[in-house]
Amino acid sequence: MESEPVNLDEFQELARKILLKMNYDFFSGGAEDQYTLNENIKAFRRILFRPRVLIDVSKIDMSTSLLGFKMASPIMVAPTGALKLANHEGEVAVARAAAACNTIMVLSFASHCTIEEVALSCDAIRFYQLYVWKQRDVCMKLVKRAESNGYKALVLTADMPRLGRREAGIKNKFVMPKFANLEGLLSVNVKSKGGSDLEAIATATLDDSLSWKDIEWLRSITKLPILLKGILTAEDARKAVEAGVAGIIVSNHGARQLDYVPASISALEEVVRAVSGAVPIILDGGIRRGTDVFKALALGANAVMIGRPIIYGLAAKGEYGVRRVIEMLQNELELTMTLNGCPGSKDITRNHVGKGENGRKLSEGKEEKKLSIEWEDYINYP
């Protein structure tokens, strides 16, 4: 009898053994040399804690809210598509697990379950991820379906005018199953000439003319708040606020688009500084421990999104596996808060983290109160 996984790495190993190689490669792989894929995780390891002691941590409150919606913890479910390749229940199982953990799930545009099926699966707060197609009427219909089925926000993914070069998919001649929500709306019967079908579909259908002016267009067709996903620079963060978005998701698309961009956590503080609290900021990419969640919050994120670990939990143990992945992170975050002397999420500050051995000690030659405001020292952090 196999033992129960005790961390997210063990869930990934179970998923690797269970999934077809082509499908595991699709979920786990990144772009080109996969430098950023590895950095997304390694960058967290260069951040160390500066714990405070003799603080009453007998009661820990991880709860938070985003856009006015309450969550048990600042851990959300990122949009990940094609989940029936991992488990026959697909996105419905993930939705139920997220609801059981009192968190928000973002349904992927590439879902194998329809907007309606996921909405009927359980009572919970959900957001919907949107890509903009060359046929704009398709976007409008998807937005209206999301609105009428009770989705509370749109997550516009902005970093994919074309598909990144994912070489595992090319080698495997990956065939993407049909997107349930595009049935009857958009023809995706496009075949690659020897490579990945997904790349051919993206090139044929995605609107690569999408620009900042189109945020205004999207706002004109919906009353739902819009979060912009794929921001990595201060310049784009300021433009996003000016465009009227309700939130920013710092993300490099799971390192699946442009290789050699910074790890998401490395770009976080630059965006936080630029936004100055105007809108909430969510960190997406590389979270594998509750300690990672704490570090993201300390560097200014209001919440984090979990992508691949959700898929691995789903592949390994279905809905129960997804629930265990979220609960593991919540339990680890609670312990990390306790040992850092932070009884509540709002008690987590910039002063609770510092660089590791290869970086300058943040406390050296500075008064502690100045740590969080000497921006020039940290702009390339970590």
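Backbone N, Cα and C define each Cβ position, glycine as well.
Bear in mind that TrEMBL entries carry predicted annotations, made automatically and left uncurated.
Residues annotated as domain 'FMN hydroxy acid dehydrogenase' in TrEMBL: 1-358. The FMN binding site annotation in TrEMBL covers 79-81, Ser108, Gln129, Thr157, Lys229, Ser251, 284-288, 307-308. Positions annotated as glyoxylate binding site by TrEMBL: Tyr131, Arg166, His253, Arg256. Under the heading active site, proton acceptor, TrEMBL lists His253.
Overlay of TrEMBL feature records on the structure.
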| residue | record | Cβ within 10 Å |
| --- | --- | --- |
| Gly81 | FMN binding site | 22 |
| Gln129 | FMN binding site | 23 |
| Tyr131 | glyoxylate binding site | 19 |
| Arg166 | glyoxylate binding site | 23 |
| Lys229 | FMN binding site | 25 |
| His253 | glyoxylate binding site | 23 |
| Arg256 | glyoxylate binding site | 22 |
| Gly286 | FMN binding site | 28 |
| Arg288 | FMN binding site | 20 |
| Arg308 | FMN binding site | 23 |
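Across the structure, His253 (glyoxylate binding site) and Asp284 (FMN binding site) place their CA atoms 8 angstrom apart. A Cα-Cα distance of 19 Å separates Asp284 (FMN binding site) from Arg166 (glyoxylate binding site).
The number of other CB atoms found within 10 A of the CB of Asp284 (FMN binding site), across every protein chain shown, is 27. Taking CA atoms as the reference points, Pro79 (FMN binding site) and Arg256 (glyoxylate binding site) are 14 Å apart. Checked against Lys229 (FMN binding site), the binding-site residues Tyr131, Arg166, Arg256 differ in C-alpha distance, with Tyr131 being the nearest.
A Cα-Cα distance of 16 Å separates Arg166 (glyoxylate binding site) from Gly81 (FMN binding site). Cα of Tyr131 (glyoxylate binding site) to Cα of Gly81 (FMN binding site): a span of 12 Å.
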